[in-house]
Every structure is written in structure tokens, then in C-alpha cells.
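K.L.:
Let me give you the structure first, and then I'll get to my questions.
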Amino acid sequence: MLSDIEIAKQARLKDIRDIAKFLDIPEDMLKPYGRYIAKVDHRYLNTLNAKPNGKLILVTAITPTPAGEGKTTTSIGLSMALNRIGKKSIVTLREPSLGPVFGVKGGAAGGGYSQVLPMEDINLHFTGDIHAVTTAHNLIAAMIDAHINHGNELGIDLRKIYWKRAMDMNDRALREIVIALGGSANGYPREDGFLITAASEIMAVLCLAKDLTDLKRRIGEIVIAQGKNGLVRVKDIQAEGAAAALLKDAINPNLVQTIENTPAFVHGGPFANIAHGTNTLIATKLALKLSDYVVTEAGFAADLGAQKFLDFVAPTGGLFVDAVVIVASIRAMKYHGGVSKDNLNEENVDAVIKGLENLKVHIENMKKYGVPVVVALNRFSTDTEKEIEAVLKNSPAKCVLNEAYAKGSEGAIELAKAVVETIENVPSNYKPLVPSDLPVEQKIELIAKEIYRAGKVIYTDTAKSKLSMLKKNGFGNYPVIIAKTQNSISDDPKKINAPSGYEFTVRDFQISAGAGFVVALAGEIMLMPGLPKAPAAVNIDIDENGEITGLF
């Protein structure tokens with residue numbers, strides 16, 4: 001089979017204005033970036049209030065192997081297949097971060113015959129949204145140090161500055177640094193660090209904002225430090241207007257197309273552990289007005305991205321979820337069944353059946369939200385017929401084989417039919433699991449016990465102290481985003497399959513006041529990844545004609 005980039009180069013793309021015309025987007029609402037990419041004015045959404053929403057399909061996954069289980073590929077394939085069977089569909093996705101593109105994971109534009117295009121542009125810089133977020137983030141950082149240098153009127157405590165610098169790259173050397181060395185002209189020396197842009201609260205805020213006014217308000221509410229009179233916010237250093245100005249184009253959704261010319265919005269990219277892990281609300285809401293079926297995905301597995309989408313994102317945006325698709329793979333179930341990563345390509349039906357427990361937990365969890373569930377078994381070339389049969393026979397929810405990677409929409413037709421049939425015959429009774437008025441501790445306990453299957457929640461002394469501070473400052477009933485490992489349902493990455501009855505430990509809290517949630521930290525969360533020994537970057541090249549190779 002050809003590589004992803006070779007397949008992409010064979011695709012016959014339509015002019016982006018034709019894609020917009022298919023969606024009835026007026027040309028004066030379009031800002032083309034070349035022939036195949038365009039931004040859609042976010043204000044266009046306000047003109048569509050009278051139109052009914054389409055159906056919203058949330059794609060999530062079982063607890064993944066390090067290589068991932070093909071969530072994006074499945075989302076794209078499902079949307080293409082829905083169009084193929086006569087349903088108008090749009091797929092909405094997050095933008096790829098350059099860090100993973102050059103690191104282990106590679107790009108985030110799908111794969112095989114299920115891609116969004118042009119993949120080189122989407123994976124490398126795209127329309128500059130992530131760079132705009134980086135610049136807005138670092139403007140705030142620069143203004144903090146300028147304020148301190150010029151008298152520090154707010155009495156900012158140099159030991160309690162929460163706002164680091166940001167960069168869209170994996171660079172472990174920048175996690176912990178010392179700045180302002182070289183004399184008094186350079187400011188006050190202090191400890192600082194970098195996080196990857198996808199982990200910036202600016203990214204989370206961009207993905208939740210309704211419009212520029214809301215974006216500016218949210219940026220202003222971001223807590224950046226402790227000062228002599230309590231918490232210091234961005235608005236206290238008067239940086240919200242300039243930061244929002246840097247994002248005036250980034251707030252507009254990016255319209256592209258799939259390999260089969262299905263419309264796609266690729267917009268925003270917050271982490272699914274430290275933040276909510278899905279594309280912008282503006283893009284999803286616009287897609288719901290322009291199509292019959294919207295396919296969107298949430299980061300990592302159902303215990304992370306889907307839980308956050310169903311308990312926080314959908315209520316925040318006033319969204320109704322009509323169905324959940326859980327992406328599963330034979331190799332992931334073998335992994336959860338005890339097979340080592342080196343032996344995942346060998347047939348092992350017993351391990352598959354044992355690993356089905358992980359899938360069952362995620363299905364049970366999603367049904368607690370009142371949404372119907374369909375399982376997409378993402379086929380890989382190493383899967384055997386016996387292994388596939390074992391999953392199809394033993395899955396506790398409707399399970400359909402998905403071959404979009406190898407066959408495009410043709411390989412996802414049965415999945416599309418199953419999803420449509422489910423939506424038409426099993427009405428969704430979607431309701432968030434976590435009531436919005438509960439105190440933070442009760443929200444954490446509910447999520448930990450119902451979704452993570454923990455027996456007890458314990459707090460470190462640091463977490464208890466920070467929780468007290470949260471309550472004192474009015475955050476005691478805020479929505480909660482739990483940041484934990486993606487490699488286990490639990491807070492311990494070594495606990496594979498379906499652990500239960502364990503102690504779930506909250507070690508610290510962070511405030512994301514602009515985004516509108518508090519983050520409960522469970523386990524070590526890496527906000528600035530590092531490159532591996534053999535990064536994907538070593539395989540990426542460009543020739544004298546500008547042809548890029550090695551992207552995946």
C-alpha cells in the first residue's frame with residue numbers, strides 16, 4: 001500500500017469555493033488560503049439561527065496502545081461514507097500540533113484512503129492558527145515580566161507566577177529554565193518554563209469562545225499569578241485586548257476537504273488531558289447548521305475526551321449528542337489482554353476476549369449519558385478472521401468492521417448505515433452525568449467512581465491546600481477537568497484493561513478561569529513533550545521542487 005503522503009498526492013481536490021458552495025456558504029464569508037483551504041467568517045454562524053441542527057455523532061475510543069487506534073481515520077471515513085449513502089455530512093477535527101508531527105505520533109490528518117487534505121499544509125503551519133495562539137500566549141508572558149520590571153504595581157510574587165512561555169514543538173530542554181540572566185537590564189531572574197502550545201489556556205479559550213467579545217472576556221479572566229491583593233488575571237495587566245487582536249483570524253473556522261471531497265472543518269487543538277480535547281465550538285455549531293450529520297472526535301479514550309465532551313463541552317456549547325462511536329482495535333484488546341507490544345501482530349484470540357473488558361467498560365460508561373453506542377472495529381492488516389469474529393460475537397454493543405483506512409468511504413459504508421439506523425431507531429436521551437451545581441470534590445468523586453471505576457478518591461496535602469484556595473476564590477463549584485494518564489482508565493498507566501476498586505489520587509489543582517474550569521491533576525502530566533530517539537522528523541524531507549516526503 002502507498003504511503004499516506006503518496007495517496008494524498010494522487011487525490012483530485014476540488015476548489016475550496018466549490019466545497020463552500022456545496023454547503024451554501026456565501027463567497028463573501030470565505031477567505032481563501034490558496035485553492036484548497038479557506039477560513040469561514042465566524043459571524044456567519046449568527047445568520048443561521050433559524051436553521052435546525054443536524055445530528056451530532058461523537059467519535060471516541062477504547063484505551064489506546066501507544067500508536068493510537070485510528071480515531072481520526074474512522075471519523076473521516078464515517079463522514080465520507082455518510083455522504084456516500086446520501087446523507088449530507090461534515091467532519092470536524094482538531095488541528096495537528098507540530099510537536100507530535102515531528103515526534104512519535106506523526107500528523108493528525110487521518111491516514112491511508114481516509115484523510116483530510118491538503119495534508120502537508122494541514123500538518124505544517126496550516127493557516128497559522130497555532131502560531132497565533134503561541135504569539136498571544138507569549139505576549140502575555142512578556143507583559144508579565146515587563147510589569148514586574150517597571151515597578152510591579154500589582155505586587156506579583158515571582159515565586160507564584162503560573163503563566164509559562166509556549167512553543168509548538170517537542171523540546172524537553174525548555175521544561176524548566178531560568179530567565180532574565182545577564183544583569184538588571186534584562187529584568188528579574190526567576191524560574192520559568194515552556195509548555196507546548198496545545199496545552200495553553202489560550203488554545204482552550206479559543207475553542208470555547210462564542211465570538212471575539214467572548215474570546216476577549218475569557219482571555220481577561222485567565223489567572224496568571226499571585227499578587228499582593230490575591231489572584232492576578234490577564235485583565236489586570238491589560239493584555240486581553242492585544243491578545244484577542246492576535247487571534248482575530250484564528251477564531252474563524254478552517255474549511256478543507258477529505259480525500260473524497262467531503263467538507264471538513266479543522267479548527268483548534270487543545271490537549272485532552274489538561275483541557276477538553278476537541279475542536280472549536282464555533283466549527284462544530286457551524287457544521288451542525290450546514291449538514292445533516294456532523295462527525296466530531298474527542299481526544300484519547302472515552303474516559304478522557306468523551307467524558308469531557310459530554311460533561312463540559314456539550315453543556316457549554318448547548319450541544320445535543322445523538323450517538324457515540326467507540327473506535328476499537330484488535331491490537332488494543334490484545335494489549336489489554338496482556339500481550340506485550342512486541343507480540344501484538346501475533347494471533348491470540350484468548351487475549352482479545354480478555355481485553356474486551358476494556359471495551360465493555362467504555363460502552364457502559366457512555367450509556368450512562370443516555371446516548372446510543374456503536375462500536376467501530378478498526379481493521380488492521382495483522383488482524384485475523386478468528387480475532388475479528390471474537391469481537392463481533394462478544395461485543396456488548398452493535399459492532400461494525402471499519403476498513404476506511406484501506407478502502408476509503410467504501411470501507412465504512414456498513415458503519416455509516418449502522419450509525420444512521422441507530423440514530424433513527426434509538427433516540428438519544430443525552431444528559432450530562434455530572435450535575436453542574438455540585439462542589440468540585442463531589443464532581444471528582446462522581447467521575448472517578450462512575451467513569452474510572454475507582455473505589456476511593458484521596459487528596460495529597462498539596463491538593464487539599466489548593467482546593468481550599470479554589471473555594472476561597474469562588475471556584476468551589478466550577479466544572480472539573482481531570483488530567484490523568486491516557487494509557488489506563490485509572491490514574492496509573494501500568495493498570496491496563498479494566499481496573500476497579502483502587503485508590504484514585506488527586507495530587508494538585510490548576511485554575512483555568514478563562515476556559516471556565518478547574519483542572520484536577522492525577523499523576524504526572526507532561527505539558528512539554530520531548531522528541532524520541534528516532535523522531536518522525538528524520539524521515540521528513542523536501543526536494544528542489546518543494547515536494548515533501550516522509551509525512552504521515
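Using N, Cα and C of the backbone, Cβ positions are placed for all residues, glycine too.
According to Swiss-Prot, the protein has these features:
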BINDING   Thr65, Pro66, Ala67, Gly68, Glu69, Gly70, Lys71, Thr72  ATP binding site
K.L.:
Where does Gly70 (ATP binding site) sit in DSSP terms: helix, strand, or coil?
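P.N.:
Assignment for Gly70 (ATP binding site) reads coil.
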K.L.:
My understanding is the cutoff is Cβ-Cβ under 8 Å with a sequence separation of 6 or more in the same chain; which residues meet that for Thr65 (ATP binding site)?
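P.N.:
Those within reach of Thr65 (ATP binding site), by Cβ under 8 Å and sequence separation of 6 or more, are Ser329, Arg331, Ala332, Tyr335, Lys341, Leu344.
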K.L.:
Looking at the binding-site residues Pro66, Gly68, Gly70, which one has the fewest other Cβ atoms within 10 Å of its own Cβ?
P.N.:
Pro66
K.L.:
If I restrict to non-local contacts, at least six residues apart, and a C-beta distance under 8 angstroms, what lies near Glu69 (ATP binding site) in its own chain?
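P.N.:
Those within reach of Glu69 (ATP binding site), by Cβ under 8 Å and sequence separation of 6 or more, are Ala61, Ile62, Val327, Ala328, Ser329, Arg331, Ala332, Asn378.
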K.L.:
Counting other Cβ atoms within 10 Å, pick out the least crowded of the binding-site residues Lys71, Thr72.
P.N.:
Thr72
